[in-house]
Amino acid sequence: MSSSTGTGRLRSAPGPRHTRILGVGAYRPVRVVTNDEIAPRIGSSDEWIVSRSGIRTRHWAGPDETLADMSAIAGGKALAEAGVAPDGIGCVLLATSTHFRQLPAGATEIADRIGIRGAAALDVSAACAGFTHALALASDMVRAGTVDHVLVIGAERMSDLLDHDDRSTAFLFGDGAGAVVVGPSDTPGIGPVVWGADGSRADVITQSADWRRLRHDPGHRFPALTMQGPTVFRWASGTMAEVAAETLERSGLTAGDLTALIPHQANLRITDALVRTLKLPDTVAVARDVVDTGNTSAASIPLAMERLLGDGRVTSGGLALLIGFGAGLSYAAQVVTLP
């Protein structure tokens, strides 16, 4: 037992004033699924799917590609790009809706896979807005002095949560993982978050049944994602434009200051509606990763960010507006400096 004498006053941990994303990593499963593969089962066609969503292909994980596998690869790449060793990570945040074990948190296994020992590890459940929620939490952790670096992962196996006979959702979703490392910065690199939720519309995007139903009714179908598509489109196209405008205002920026817009990759029509409403100049690169990756829920924003950087459409140091939105209905947005 320590014999030191306390001061009688609670001590806080001083942290840096600013944070930023130091590195990004991504993993897309090898299997590419075309619209032509999905269309016959739902009585549809490639042309119909493209007209409703803009999606042409998506990646689905193979039987042996687990959520932890994909997350560990993406997380390892983010660490390497950031130049941060596993023992430099103080917390791992996993944003996901498809870790199907209630406990332990998926982040704990992923941290161990990567070689991160002794760090906090927990899951963030905010559906398609999970990554931007987790990013805000990570930034606040570092600024508070709680940890020096946070590994934030958005990962999904949405193909496990689909009713593959549902004409309204079967073609929308894909699998994958994206990750970023958040750490201290001498200048602002992650702006203030604008976030919120409307639980009165929780049934707009939901799971068809909870897990207890399977226990008490073994004959019940496996729970699947259900969505009221037209309602989601109207909400996302309208409310997210307002959220974007508020985020820019709180960050002290205008649309013309942006290098990139990286919204949740839900549907190309939603992205295009946002671009029109925000009156973005042609100089702003717009992430349209949904076309060949599908809607990967919490993974979509880091996957799209990694692709924009990898393709050379944007460069390190530019400003990107991130907007996550989805089930809840929930949303979170912030402007970041690209790594």
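Cβ coordinates are placed from backbone N, Cα and C, and glycine is handled just like the others.
Note that the structure is a prediction, hence the values are computed from the model and not measured.
Residues annotated as domain 'Beta-ketoacyl-[acyl-carrier-protein] synthase III N-terminal' in TrEMBL: 122-199.
Residues annotated as active site in TrEMBL: CYS128 (among others). In the three-state DSSP scheme, CYS128 (active site) falls into the helix class. Take the CB of CYS128 (active site) and look out to 10 A: across all protein chains shown you find 32 other CB atoms.
Per TrEMBL, the feature domain 'Beta-ketoacyl-[acyl-carrier-protein] synthase III C-terminal' maps to 248-337. Confidence over the domain 'Beta-ketoacyl-[acyl-carrier-protein] synthase III C-terminal' (248-337), given as mean pLDDT on the 0 to 100 scale, stands at 97.
Sequence-distant neighbours of HIS264 (active site) (same chain, six or more apart, CB under 8 Å from its CB) are CYS128, ALA129, ASN295, SER300, ILE301, ILE323, GLY324, PHE325, GLY326, listed in sequence order. Here TrEMBL flags HIS264 (among others) as active site.
For the region 'ACP-binding' (265-269), DSSP puts the residue distribution at 2 helix, 0 strand, 3 coil. Positions annotated as region 'ACP-binding' by TrEMBL: 265-269.
The active site feature in TrEMBL is assigned to ASN295 (among others). According to its DSSP assignment, ASN295 (active site) is in a strand.
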Contact set, same chain, for the region 'ACP-binding' (265-269): CB under 8 Å, 6 or more residues outside the stretch: 52-55, 128, 172, 232-233, 236, 287-291, 293-296, 300-301, 303-304, 325-326
Residues in the domain 'Beta-ketoacyl-[acyl-carrier-protein] synthase III N-terminal' (122-199) grouped by DSSP into helix, strand and remaining coil: 22 helix, 28 strand, 28 coil
Number of Cβ atoms other than its own within 10 Å, given for ASN295 (active site): 24
